[in-house]
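One structure below.
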Amino acid sequence: KKDGYPVEYDNCAYICWNYDNAYCDKLCKDKKADSGYCYWAHITCYCYGLPDSEPTKTNGKCKS
């Protein structure tokens, strides 16, 4: 397992407007993570305990 920012197909992290921790927790759990929250500094979801196979944010550009 690993911790990190889950990404969509285009290497873009999931935005959590209004710092919605419940949204991120559900999103992370839907991806088989243990839990998640909205990281306020980046307004993106961060997950704990993601499966190693789940893609996470790298240094590559977001292609949106």
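A Cβ is built for glycine as well, from the same backbone N, Cα and C atoms used for every other residue.
Features as listed in Swiss-Prot:
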- CYS12-CYS62: disulfide bond (DISULFID)
- CYS16-CYS38: disulfide bond (DISULFID)
- CYS24-CYS45: disulfide bond (DISULFID)
- CYS28-CYS47: disulfide bond (DISULFID)
- 2-63: domain 'LCN-type CS-alpha/beta' (DOMAIN)
- CYS62: cysteine amide (MOD_RES)
Item checked: Neighbour-count leader, CB within 10 A, disulfide-bonded residues: CYS12, CYS16, CYS28, CYS47, CYS62 -> CYS47
Notebook entry, point to check: Does DSSP put CYS16 (disulfide bond) in a helix, in a strand, or in coil?
Noted result: coil
Note to self: Let me make sure I understand the structure: which of the disulfide-bonded residues listed (CYS24, CYS38, CYS45) has the fewest other Cβ atoms within 10 A of its Cβ?
What the structure shows: CYS38
Notebook entry, point to check: Just checking: which of CYS12, CYS16, CYS62 have a Cα that is within 10 Å of the Cα of CYS24 (disulfide bond), counting only these disulfide-bonded residues?
Noted result: CYS16
Check: For the domain 'LCN-type CS-alpha/beta' (2-63), what are the DSSP-based totals of helix, strand and coil residues?
Finding: 13 helix, 20 strand, 29 coil
Notebook entry, point to check: Could you give the Cα-Cα distance between CYS28 (disulfide bond) and CYS45 (disulfide bond), in whole Å?
Noted result: 8
Notebook entry, point to check: To the nearest whole angstrom, what is the C-alpha distance linking CYS62 (disulfide bond) and CYS38 (disulfide bond)?
Noted result: 18
Checklist line | Pairwise CA distance, CYS45 (disulfide bond) versus CYS16 (disulfide bond), rounded so that it is a whole Å | finding: 6
